[in-house]
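Chemist: Feature list, courtesy of TrEMBL:
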type     : residues : note
ACT_SITE : Ser132   : active site, charge relay system
ACT_SITE : Asp209   : active site, charge relay system
ACT_SITE : His244   : active site, charge relay system
Amino acid sequence: IFYHYSTELKCKMKFGIYLPPKAETGKCPVLYWLSGLTCTEQNFITKAGFHQAAAEHGLIVVAPDTSPRGCNIEGEDESWDFGTGAGFYVDATVDPWKTNYRMYSYVKDELPKLINANFPTDPERMSVFGHSMGGHGALILALKNPGKYKSVSAFAPICNPIQCQWGKKALGGYLGSDASKWEAYDATQLVKSYPDSHLDILIDQGKDDQFLSAGQLLPDNFIAACTERKIPVVFRLQQAGYDHSYFFIATFINDHIKHHAKYLNA
């Protein structure tokens, strides 16, 4: 775990980084993990069980926090799905959030620069994946930056935030009331104008996920948009008993590491 002062977020930030044995002798590709609502850098590194697969495939794995912290913004700690722990991987444009809540630029630009400057990475080979709010973050980063990420995957991502309560709350709060501006951070909208089909997407979704049945995730909308644009997406609806938890993630994490290794080590 490392601390650094973020110029984008104007506060001290933490990230976890896993270095495989291969990193002792050469440069390795980097896989960025984005966590969900209420999480910190700790959830993935302590619960997902990704280390063995990452070691086997020689992947550096980086897990940042999910929002700025301790910025003394009025209301930042009032609810679990907005503010602290809920940065939503957007660059806020309205007061009082726009100074600190710039998680999109932090994950896209500042963090990779920091990682590449301090660790044995191959800057040309990076991919991104995540869970829930972080699955949303992974999808929009890949779709908004064609060619930047070699691959993308997600567990139970928020696929169509302009249509769900979590998304409306977060995007309205960070970007203002003009809903047309929210589309720039909605994977289902972004995929409709993605310029080519060179992006293989892997999504795992648990059938017994309470947030799926509550209409917060809306994967069907995303799948339909991908199908229309002929963008390859593997959507796996995992059967009874799989929910929104890290038990679900730990069960299928090796498949996701393998998915990324195929592109990162090509």
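Glycine residues also receive a Cβ, built from the backbone N, Cα and C atoms like all the rest.
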Chemist: What is the interatomic distance between the Cα atoms of Asp209 (active site, charge relay system) and His244 (active site, charge relay system), given in whole Å?
Modeler: 5
Chemist: Rounded to the nearest angstrom, how far is the Cα of His244 (active site, charge relay system) from the Cα of Ser132 (active site, charge relay system)?
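Modeler: Here the two Cα atoms lie 8 Å apart.
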Chemist: In sequence order, which same-chain residues at least six apart have a C-beta under 8 angstroms from His244 (active site, charge relay system)?
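Modeler: Listed in sequence order, they are Ser132, Ala156, Gly206, Asp209, Gln210, Phe211, Leu212.
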Chemist: Among Ser132, Asp209, the active-site residues in question, whose Cβ has the most other Cβ atoms within 10 Å in this structure?
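Modeler: Of Ser132, Asp209, the one with the most crowded Cβ is Ser132.
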